[in-house]
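Colleague: My questions will all concern the structure given below.
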């Protein structure tokens, strides 16, 4: 693609994605997008076929969280509309996923024909995606198509949100029209506001007796993990994370207190955060999950809160102060506090596995915590396993992926596919409930096909256990699957059934040693078992279902 | 619910559905809809739990096609948005499915909080469903809620389309406000136009030498199958059906010619339809599938076409003539033609199974045709199996269900669940490709759980075979599943692998005899095998992908 030959619209889209770090595109082919697939097969971007479109979208989401951008390519109607939930999740969770949808050709659409996969006026699909993306474009005019592509991808990057790009079948090979490249406006801080905010925050920090940092998901989305470490080590501050921000701070770091989530937190984390005389909230979103369904007790009088584009100290605001600038400048302004961080405590000896002891979630999570290796990415589904996993301490930054705010069941297995493709040097540890696994777990077939070797731990309590704590009924029971035998259907995959600790220990050792195929451990949990955090949460949810909320 | 106690909004919704023939509601519970589930558990409407929400919607679609209305209940966001594709399909295919979505309570929404499952302004979900339903209401005002429910259900019935009813969690038990019941306006024909149109059509029929009826899907949706039989037997006319209208006319009837679909038709059907000097098109939609991707050669000069609300004869229109009135009045006006229908030919003896003969689609379909029993419903997925199934002759009316126009892969297994729940006296024969089965086939788990005994025939060619004929590439290959071993995971289910005719015959006999659990026959097809209709279609699609269309 030179000035003389600008290339086609499809080529340009693929080139821009590749330059943006997207080396793999997930998806299921279909006739309106086949031309694009044919083009992709000739270039460096690799197609990763999934069994369904929603799982392709979850995979692209996992990929985006590891690489800064992910993409999927699907056909019109039946393909794209299958991704609506997963893309809404990427929007809610701030993950920059590019949805490429084929469509009937421009010439084909002209007479408004009744053609297959059609469900209404052709524009309806774009209108649906406009509600779950930060930009939605249809490349039906070659003269402006290059510009549309650039702006859509820039929007995805800037807002950390999904975008929608529809490419009619007859436009894939249409020559584009080169235009001046847009220089995207880089957001910047108001220098005076920044200086004043930093000075005030540093002053407050200097006088505080028990300051604590609460780290949120925006730090991850803006790539500020290192900046956070810089600030924390400079000022010697303890750090808690929100549930959606989990793993934004290295969890084996001596400064780490654990996850703060209101009444669901550990006693220690809750006490230190809520009693702190200066809580420095960085990139925290105040949603119901992160606040333990609004059970957080945080006093604005003692809070300095930096969001993406403003700093709030007590009851006054500094607009146009960027999170990145604030964290960096504050690190330069603060003085180190008294003591250095203590050396991490050596792990205590432990009696796992105890003979004849049935598995419980609490002991399962502690065992997994000890098994975590630096090359692992933990990908966690929704429900019990998410609440329990708050206590896992992952090693490096960015190693815990979950749909912790949007809480869509079925996220983990396909998102782990994307994460592993994005970071082939890492191995996924997938935590997933039985209900969620029944939704998307067969995507493990693709892990197996690609020679990936995730370890899947199924929290099997034969139903929607979180809901049982809110309102129980037969509707919360589900079919009893022998998950560990799925390898019979689409192996290679090694499966294990673990009703007790001895069986689990043996399965886990084998799984850790087996790097040639997926391993699945079906942990049969006793009825009524749950994480403590979940029991606390359920009490609060109950009152809401009853209409008391 | 008396005048003194009008009952709650949730009670009223359930009562209206039950009165409308909805005795089962499909779905997955979630916290925003749990109150509704709790209420349902106390009444006569039964909940049928599925593994996912999209399959619940397909099941409700299958149920609606058998019962006149179907319903599902899901939670906000993660639940409802997972059904968008299936509901768009129900819209495209004219199936009256009621989507009941929970939502955060009205009081909970008031302060616009960031709560889980949220992806944007709360109204966005309704705005998405407005594009794929014929009515979308939010029951957030008890004073008008009863009226909203009535009108939404009336719209579903009148337009044969899905509707969306959102019920905030705190409104389920809110007392409603009784209002005068709406008397829905019954559409009626313009009597003079009707009389004139019928007279002209009867006159043309009287002079025609080779008249043929082409029967379409609208006859099914409006319940006019018996009326069609009346007309055909009165006038002694031969009948072809469109692919989407397949089975609207009893296919073992001596008058039946087979499916007409342009260049994809059998020679006989194509000749008789295209050479007819008077083609009477009843309830036919002229989409790309029904016209064999616009290869139909039909001369408007020789056509009388009755749609839902108008009759077109050659180039002039009679507006406000209802299809039902036209068919009934025409039956009264026409005279019987010469000969009575011939007695159906006795089936020819046949050499199936031939020893050591690999299975092919053509022989598979012929074998299935002979196995069809009057108590079977054929539910067919998309691709090869759909094109091949055009040659199956089902017995009774309404026994062939498919997403033949919207062509969403993954329809068959869950839709068959709905059909069997709706008609427990029938048994489903499910035809499905390997790609489609990987999308939703694990919903067979629910068939097994309910003690249903469908026979599933997997057309296994290890990939998206329809697409291979359009544009081949590695992207059309999929993982090789041992589908017949799925019973290991969620049985009871009997599985068979059938690479050749002997194995298939043995499996089919066992499956026909086994009425206590699902049977699955994995038919391993040789590479390159395809139905003749598909080969013809692929040629036409090819030119479109290449942008020549």
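Each Cβ is built from the backbone N, Cα and C atoms, and glycine gets one as well.
Unlike curated records, TrEMBL annotations are generated automatically.
According to TrEMBL, the protein carries these features:
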BINDING   A:434, A:461, A:463  Mg(2+) binding site
DOMAIN    A:8-110  domain 'Thiamine pyrophosphate enzyme N-terminal TPP-binding'
DOMAIN    A:198-321  domain 'Thiamine pyrophosphate enzyme central'
DOMAIN    A:381-523  domain 'Thiamine pyrophosphate enzyme TPP-binding'
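Show me how these features fit into the shown structure, please.
Modeller: DSSP assigns residue A:463 (Mg(2+) binding site) to a strand. If you take the C-beta of residue A:463 (Mg(2+) binding site) and look for same-chain residues 6 or more apart in sequence within under 8 angstroms, you find A:434, A:435, A:476, A:477, A:478.
On the 0 to 100 pLDDT scale, the model's mean across the domain 'Thiamine pyrophosphate enzyme central' (A:198-321) is 91.
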Colleague: Note down the number of other Cβ atoms within 10 Å of the Cβ of residue A:461 (Mg(2+) binding site), including every protein chain shown.
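Modeller: For residue A:461 (Mg(2+) binding site), the count of other Cβ atoms within 10 Å is 25.
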Colleague: I want the residues beyond A:434, A:461, A:463 whose C-beta is within 8 angstroms of the mean position of the Mg(2+) site's C-beta atoms, in chain order.
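Modeller: The answer, listed by sequence position, is A:433, A:435, A:459, A:460, A:462, A:464, A:465, A:478, A:525.
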Colleague: When you measure from the Cβ of residue A:434 (Mg(2+) binding site), how many other Cβ atoms are you left with inside 10 Å?
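Modeller: Taking every protein chain into account, the count is 26.
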Colleague: Where does residue A:434 (Mg(2+) binding site) sit in the DSSP three-state scheme?
Modeller: helix
